[in-house]
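Trainee: Handing you a structure now.
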C-alpha cells in the first residue's frame, strides 16, 4: 500500500526565502501559482514572449517574465507546459539558466522517464502531481480543502528533495487531502496505461462500438447515443462517489444482473492480453518513441488526421443536437 503524507508531515518553511517559477499558466499553472502565493511562497510565472496569458497573470496579482528570465531568477522551477513542448522549452530557456542547488519540478514524469530532458547532476529532480484538474486544485484550496497529489524524487542532489516535494505539495493544498509517494517511472507508466487502455482509448472505443452496434441494428441514433454515451456520466459519477458497490446499489437489479453476466463477455481474456501488450509498449518506450516522432513531424499529419476522422463520426453530430436539449449543460 502507498504511504500517505499530510500537512503535519510537511515543512512549508523550507520554501521561505526561495523563489518558485511556475512555467506555464494553463489549467495546472494558474492553480499552482495562486495556491503557492496564498500559502506565502514567493512565486513568479514564466511565459513565452508572445503568451496571451500575461494580463491574466498580472490580474491575479502575480508577476510574469519570459521563461528564460524566470528560470534564471528562480530556485525552484516547476514546468507546467504540455509534455510535447517541454523538451524544446527546457533546452531553449531553462537548461542554461540552471544553477547547482536548483530544484527542477514536473507534474508528469514523461520527459524525465523517457529521457527527453536530462538535467545536470547537481539539481534536484522532483514530481508533484495533483490528481485533479487545475480549476479543482484552485477551488478546493480556496474552500480550505485540497486535492490529493503524488510526489516522486528522481534525483536527490540536495539530500532534501523529498522534503521539498512535500513542502511544495503542501503549498498547493495537497497536504489537506493526502500525498502519496511514487516514482517517475510508476507515475508515467500507469498514467499512460490508464489513459490509453481505460479512460480515453478504452472508454471511447467501447461507447463508439455500442453506439454503432445499435445503429447498425436499426435503432434510432438518438436513442443509441442516450443509452451508450450520455448515461456514462451517471455511472461514472456513482463509481467516483462510492466505488462499484455504490454504483450497483444505485442501479436497478436488472442492470446489476446484466453487469455480472455480460461484462466478462465484452472484456474478455483476449482484451486482457491486448492490455498487457499495451502496457509492454509503454514500458519499453515504443509508445513514447512513436509519439515523439509524431511531434517532430511537420504538422503532426497522422495525429491531426486521426483527430479529424474521429470528429466526423455520426455520434458527434447526434450528440451535439441532443445536448441542445440539456439546459444544465449550457453556460
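Keep in mind that glycine also has a Cβ here, set from the backbone N, Cα and C atoms.
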Trainee: Record says 25, 26, 27, 28, 51, 83, 84, 85, 86 bind NADP(+). Source is Swiss-Prot. Which of 109, 132, 134 does it list for that same site?
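Mentor: That NADP(+) site, as Swiss-Prot gives it, pairs 25, 26, 27, 28, 51, 83, 84, 85, 86 with 134.
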Trainee: Provide, as an integer number of angstrom, the distance between the C-alpha atoms of residue 51 (NADP(+) binding site) and residue 108 (active site).
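Mentor: Cα to Cα, residue 51 (NADP(+) binding site) and residue 108 (active site) are separated by 22 Å.
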Trainee: Which of the recorded positions 84, 86, 108, 195, 231 has its Cα nearest to the Cα of residue 252 (substrate binding site)?
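Mentor: The answer is 231.
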Trainee: Do you know the mean pLDDT across the domain 'KARI N-terminal Rossmann' (2-182)?
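Mentor: Summing pLDDT over the domain 'KARI N-terminal Rossmann' (2-182) and dividing by its length gives 97.
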Trainee: Check the Cα-Cα distances from residue 227 (Mg(2+) 2 binding site) to the recorded positions 25, 27, 86, 108, 195 and tell me which is shortest.
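Mentor: The answer is 195.
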Trainee: Whole-number Å only: compute the distance from the Cα of residue 84 (NADP(+) binding site) to the Cα of residue 191 (Mg(2+) 1 binding site).
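Mentor: One finds 16 Å between the Cα atoms of these residues.
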Trainee: Taking 10 A as the limit, how many CB atoms besides its own sit near the CB of residue 86 (NADP(+) binding site)?
Mentor: 22
Trainee: Among residues 25, 26, 27, 28, 51, 83, 84, 85, 86, 134 annotated as binding NADP(+), what is the maximum Cα-Cα distance? Answer in Å.
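Mentor: Value for the max Cα separation, rounded to a whole number: 19 Å.
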